[in-house]
Amino acid sequence: MSPKIILLFSGKRKSGKDFLTDHLRHILADKCEIIKISQPIKTHWAKEKNLNLNELLSEGEYKEQYRLEMIKWSEEMRNKDYGCFCKAACENAAIKPVWIVSDIRRKTDIRWFKETYGDIIRTVRITADDRTRKERGFQFQVGVDDATSECDLDDYNDWDVVVNNGEGRDSLEEQLDSILKLVSNL
């Protein structure tokens with residue numbers, strides 16, 4: 001058995017992806033599962049380097065110390081199998097009607113999900129202007145913010161929903177409503 005719909009979320013660092021997906025999880029409650037493609041990357045990295053996994057999974061400075069190394073290693077792994085982390089992230093996911101994949105970063109991530117799950121895929125892009133992102137703590141980091149992991153989807157235009165989570169944004173309820181319309185047939 002598989003989910004009935006899979007929502008793929010993409011957006012730059014500090015655009016508000018986790019904020020919105022956490023609110024969606026609260027609304028959908030036991031009908032959804034949040035999946036993070038970064039989970040298997042960080043799990044491997046924590047074991048490999050004897051690091052604190054919970055700290056790597058958080059939004060703190062600890063993760064930032066290792067981000068560039070994790071990106072380089074994960075790129076090497078993706079070059080061997082572009083879907084390796086997508087597959088690993090889904091292997092242990094609970095079967096719920098809605099899967100929320102909160103950290104799509106590459107065209108190959110979308111490709112893998114569409115090849116694997118077909119027409120139950122819906123894509124959501126979260127945007128925020130640079131000023132808003134900086135207010136949330138964003139600081140440009142060479143080798144991170146100009147890498148494929150942050151920029152590959154900049155020219156992707158086939159989103160089912162685009163949510164402005166920056167200056168001039170709709171209310172949280174309106175933002176969530178635009179996303180919830182994707183799952184209204186459940």
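Glycine is no exception: its Cβ is also placed from the backbone N, Cα and C atoms.
The model shown is predicted, which means the values in this text are computed figures rather than measured ones.
Listed in TrEMBL:
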- LYS12, ARG13, LYS14, SER15, GLY16, LYS17, ASP18, ARG136, GLN175: ATP binding site (BINDING)
- ASN165: substrate binding site (BINDING)
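TrEMBL feature annotations superimposed on the structure.
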residue : record                 : Cβ within 10 Å
LYS12   : ATP binding site       : 20
LYS14   : ATP binding site       : 21
GLY16   : ATP binding site       : 25
ASP18   : ATP binding site       : 17
ASN165  : substrate binding site : 22
GLN175  : ATP binding site       : 21
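Taking every pair among LYS12, ARG13, LYS14, SER15, GLY16, LYS17, ASP18, ARG136, GLN175, the residues recorded as binding ATP, the greatest CA to CA distance is 18 Å.
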